[in-house]
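K.L.:
According to TrEMBL, the record shows the following:
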| type | residues | note |
| --- | --- | --- |
| DOMAIN | 1-147 | domain 'Malonyl-CoA:ACP transacylase (MAT)' |
Amino acid sequence: SLSIAVVNGVSAVVIAGEDWALKRLVARCADEEVRARRIEVDYAAHSAQVQPVGPRLVQAISDIAPRSSRVAFVSTVTGAALDGAHLNPEYWFVNLRQTVQLDQALDWCRERGYGAFVEVSPHPLLGAAIEDSAGDAVVVPTLGRNEGGLDRFWLSVGQAYVNGVAVDWPGVFSGRGRRVQLPTYAFVPQRFWLSSTAGGGDVSAVGQSAAEHGLLGAVIEQPDSGGVVLTGRLSTSA
């Protein structure tokens, strides 16, 4: 009645199946203090529930003509690299029916030196799982809830770049404005601060009296109480 639908990492697993069985599983997790929550979906993908639609699905997408890709394609069905020429209609049904092995796909990438991942989706859902499995990997979204449009894309490009991901800047700015060559010499910034000078003036002109003390500058009498306020200025440069 239950199937392991998704394995995103050691602490992120999705179970799919009959409603009554899921309720019992969630209750048992609560008894054993294991965090679990229901995800409301229209059908239980990656479980036996989709098996009956297999022939119809394969027929519906029979026009798909797979071909080899120019970059490595890592499948969450096999957990390893797969030639794109094998992504036929039958593969896509298996993709819907079998367990999603994201954890194994991430391990395959890490073992070969890949350390940056871009989640292409309307809203990032796998970032935490990727960071949990891939340690110090760079994880960048493309869009986010209430963050659509090009501004979010540009921000993602910037996040990837500052984390060491190479960006094809000519491609990014193709057709945008006029590009100019930067100077070949390095900019060496140097600051020029003006020396501060102590100001002077007649304190009596603003209602103050000389304090005649080395640490005090002036005395202000309080007409309502007969008290005085002593003012002065200290500086580390003195």
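Numbers run from 1 along the shown chain.
Cβ atoms are placed via backbone N, Cα and C, with glycine included.
Because TrEMBL annotations are produced automatically, they should be read as predictions rather than curated entries.
Quick caveat, the model's predicted, so the values are computed rather than measured.
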K.L.:
Which residue counts does DSSP yield for the domain 'Malonyl-CoA:ACP transacylase (MAT)' (1-147) in the helix, strand and coil classes, in that order?
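P.N.:
So the counts come to 56 helix, 29 strand, 62 coil.
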K.L.:
Give the mean pLDDT for the domain 'Malonyl-CoA:ACP transacylase (MAT)' (1-147) on the 0 to 100 scale.
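P.N.:
Per the prediction, mean pLDDT sits at 92 for the domain 'Malonyl-CoA:ACP transacylase (MAT)' (1-147).
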